[in-house]
């Protein structure tokens, strides 16, 4: 019989129950025991869903109050020493302080979990880090599952991935040197799981899909030689990419089974066809929302079953953490777009798809014919739907003139034409885009969406807010103004709602980090722009002032990265479609007299593939899509872009190739370190490094802003330097915003006078 299992499950609950409970707990509106009880009930529901879908094991230990890598820091005694907490006796309050900071210590740094939109808390390793086992997190969840009479499989991230994901702090050393101290602690944790009756233990090593240094790869041999001494069968789980290059190493490891992601990297199966142990085939997409074509999946699985027999296991490609909970609650979507609804599959539907595959493998396809027919019908309808496939979109992309993504003239010529009409002072000041989204703005938007506020009244409220933003900027004496984006709920959702080819769910939430969830748009069809999206708002804002008003758009790569993307054509094609659609908006803005236009790309680095060999291809099409979004503009129209905090050093040629006239970047928290790379590279165009951190309500001192600006002037010619905050001001309050911007403008004027 074929075994089916789940690698991990969403934690937040079908209706984000955990999020709301956490936030009430943080506001001291919910007792700790009530939060613990709610979490226990959520775990039980998750396990019962898995059991109801006929999974042979339920995943245990994957549930977390904030982040599974933070749980591992606690379990191994590796929490940051700077907090002064005892990892063996950590309270729930202290656990949350690690994640959120307290009055004495900033929070543990967060970063993206591989190339997903989930964020983990980055372990801080020191030369003196002393690991100590505390398996309570896993043991307690095992006991709950046992009490329910469920067959369970603990899930834990492996030691090499855990160490790889961390950072060295304090005295210089290599965290790899900690491995020998970490492994015995892992053995102790695994033994505690065995003592609770664990027969199989899933150890996740997604780092194997990265470009690991040779010594790290080699270490898998000795590490797993030690771990395999525990009295349980180990399933080594890999995902997010191919591990074929390590096939010989992995086949020789003393583990009882291996999980492969056959959705992201189906071609790697060939390298493991002679594997002699359990092979877990990850065949249901764990990080996108499309229904599988089950007949096609069975075409792959049936020959495997013939070869492996009971050694074949089936599973989703990775944890289902990255997919929304239940499609069935999307009643509005079903009514509005029945076809699209039939092409989707959320977590509960995915475990059912897995169950159908299991029945087909064990009892033949005829035993689940109705389910297979429904799956095939959905796949066939999707392949031919006129709602998805618009010939005019493909034709437009195919017939773009050669060099469509290139500006008419080089930057050196464009900037002369731009400066002639802009007539800006040295060190021009501007904002990144958004201004505070007040309670009044949110209330007006909610009332309008509920039908309690008419369109005319809603637009009047937004115009009033835009005028307020313009007047404040004039009073502050900023040079290039923005309209503040009062009318936008979210920088991607706003455009998705106005572009064809996008759809939205009501409950399609996925965890981004901690209690923060996001509801990504669904790109299901060819993308077009039926009518102008931002022009009238920017025109209205410009009508209020004689100063230059900047148009604001979200770029194609960011829209792609922060959406659930169709999987029937290449991502590169989808991205270029978005770029071309945005170009229509850019030309309309230009025609309306808006001749400074910002196209935000905060997510361009996030899209980098896990393996460096694939970077060039990605950067090539991402850059082309960005440039297509401003194709056809005149030389005297100034294109800006903004990028959030990033390591740019290794992709600077690609950033320069975007050929934006002005790039603004988030640099204040790194003390302008990023700028050195731009200077060394001799970045050719204008640049606006952020001079204060908008993530904090704190008002910077004049000395701090001056220090950063002087550092910037040391490496960027004064003629090419702009002055701006790090990011948009959406999450700030008005009082601190005015105070912060005043400091920025005053310091700029002081330096201007000095440089004149």
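Our numbering is plain: 1 for the first residue shown, then up by one each step along the chain.
Backbone N, Cα and C atoms are what each Cβ position is placed from, and that goes for glycine too.
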Matching residue for the Zn(2+) site, where Swiss-Prot names 642, 644, 727 - out of 666, 704, 706: 666
Site co-member for 5-methyltetrahydropteroyltri-L-glutamate according to Swiss-Prot, given 16, 17, 18, 19, 112, 516, 517, 606, out of 47, 164, 200, 562: 562
Of 326, 588, 600, residue recorded by Swiss-Prot at the L-methionine site of 432, 433, 434, 485: 600
DSSP three-state assignment (helix, strand or coil) for residue 642 (Zn(2+) binding site): strand
Mapped DSSP class for residue 18 (5-methyltetrahydropteroyltri-L-glutamate binding site), helix or strand or coil: helix
Cβ-Cβ neighbours of residue 485 (L-methionine binding site) (radius 10 Å): 24
Rounded Cα separation (Å) that holds between residue 695 (active site, proton donor) and residue 727 (Zn(2+) binding site): 8
Cβ contacts of residue 433 (L-methionine binding site) (under 8 Å, same chain, 6 or more positions away): 482, 485, 550, 552, 598, 600, 642, 728
DSSP-derived class (H/G/I helix, E/B strand, else coil) of residue 600 (L-methionine binding site): strand
Residue 644 (Zn(2+) binding site) and residue 606 (5-methyltetrahydropteroyltri-L-glutamate binding site), distance between Cα atoms, whole Å: 10
